[in-house]
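Enquirer: The following block contains the structure, expressed as structure tokens.
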Amino acid sequence: MHTDVVLLNLLLWMVGVSGQPRPRGQILQSHRHVRSKREMPPTVAPHGKNGSPIFKSPDITKAWGSNTERLLRIEDHDFTMRPGFGGPAVPVGVDVQVESLDAISEVDMDFTMTLYLRHYWKDERLAFKSNHNQSMTFDSRLVKKIWVPDMFFVHSKRSFTHDTTTDNVMLRVYPDGKVLYSLRVTVTAMCSMDLSRFPLDTQTCSLEIESYAYTDDDLLLYWKEGNRSLNTDKGISLSQFLIQEFHTTTRLAFYSSTGWYNRLYINFTLRRHIFFFLLQTYFPATLMVMLSWVSFWIDRRAVPARVPLGITTVLTMSTIITGVNASMPRVSYIKAVDIYLWVSFVFVFLSVIEYAAVNYLSTLQERKERKLRERLPCTCGMAHPGMMSASYSEVDANTTGNYGIPEENGVKRERMLVQLAMESAQVTGHVGTSAYSNAWIDTHVIDKYSRVIFPGSYILFNIIYWSIYS
């Protein structure tokens, strides 16, 4: 029985190979068998022989390109020449949409801008028949085969066309031959800044567009809709500047070796925010100047207090000046911030010089007083010249205790009575008596005048400074 089944299967297999009709039960194949056939790679023909045409797939890209080129008659014209060669100049309209103003550097004196640059012109060689009068849009592959304006950015340092995820280039052709060519570009261009009023300055920068090869005899470059050809994104903002204005201009540029060229300008005006510099520069400098005035109220004999205070303020002002100049270009003129910082530095420095003068004049005065004491009558017979009655008033001590020493060299004598508690008074029986000692507080006339002159002069300087630069 088993042998009969094997022979029957062998017979059915031979019938299927010979192309004869299969039995009804053998028409369907297993899923695994069908999938294995689909996953089998196409048979590769041997070297020098053509493979089976069944496994060849048409090249869609080549078919699309060839159809487009036949429609636009790319092969029938020489697109290395400009439209209307030998005739009048080709008018090329331009409009720009500024996407972002990324960075402005005072050190490098440049700015970075991302924009959409669009060109409009008419090339009758690209005219085609259309029943619905609709345009055709292409990518960068067709741009390489036709004529496009050769624009470049004058005074640019770096520039590139975006290519993520594909080249950000668009070409739109209309049936009458009008062409729209748009691309997304980021450019870093030079901006000559005048920093004489920094940081209270306003800067005007320009992005210049020009044809590299075609003079005004071959290409007429113009803004398509005048000042309305420049559009800006409403979300553009800068941390350090306020954008005041965008506008366009057109001029002719002359090169001695090639001729005249049309040049388009994108001008924008920026005003710097001052609040950052008030916090980081002006307020610290003002506080250091005010701190230097504290020494005018300190006793002139307190050398360890007044000298370190003056030196500390001088060193702090030097640090502020160094920090500001480190982030600025090395220009050959004086900036507004330099004037303020250096005048503040002079005020701090003069406060140190003021104490040096006070100390020197006080030393001379002490020498004169020492010589004057040597010439006074001897008071050796007085038992206790410094002891006075408890009922002796402070006014009496101040008015009668001068011992005939006049005011000399601007030194004003102020006496303060310091009552000394004598614990031994009760032991000795001298009840109701106290010991007094005279403590000198010397205020030099220079310190007295400096308390008024220094603040007044600095306030006057600030009024003049801010009225000029603000």
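Every residue number used here counts from 1 along the chain in the order it is shown.
The backbone N, Cα and C atoms fix where each Cβ goes, glycine too.
Because TrEMBL annotations are produced automatically, they should be read as predictions rather than curated entries.
Okay, these came from TrEMBL:
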DOMAIN    74-273  domain 'Neurotransmitter-gated ion-channel ligand-binding'
DOMAIN    281-393  domain 'Neurotransmitter-gated ion-channel transmembrane'
REGION    33-52  region 'Disordered'
SIGNAL    1-19  signal peptide
TRANSMEM  274-297  transmembrane segment
TRANSMEM  309-327  transmembrane segment
TRANSMEM  339-361  transmembrane segment
TRANSMEM  452-469  transmembrane segment
Enquirer: Taking the domain 'Neurotransmitter-gated ion-channel ligand-binding' (74-273) alone, what is its mean pLDDT?
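Expert: The answer is 92, the mean pLDDT of the model over that range.
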Enquirer: Against which stretches of its own chain does the transmembrane segment (309-327) lie, if we need a Cβ under 8 Å and a gap of at least six residues from its ends?
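Expert: For the transmembrane segment (309-327), the far contacts come to 106-107, 281, 284-285, 288-289, 291-292, 294-295, 298, 337-338, 341-342, 344-345, 348-349, 351-352, 355.
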Enquirer: For the domain 'Neurotransmitter-gated ion-channel transmembrane' (281-393), jot down how many residues DSSP puts in helix, in strand and in coil.
Expert: 81 helix, 2 strand, 30 coil
Enquirer: What residues in the same chain, six or more past the boundaries of the transmembrane segment (452-469), come closer than 8 Å to it by Cβ-Cβ distance?
Expert: 197, 200, 286, 289, 293, 296, 336, 339-340, 343, 347, 350-351
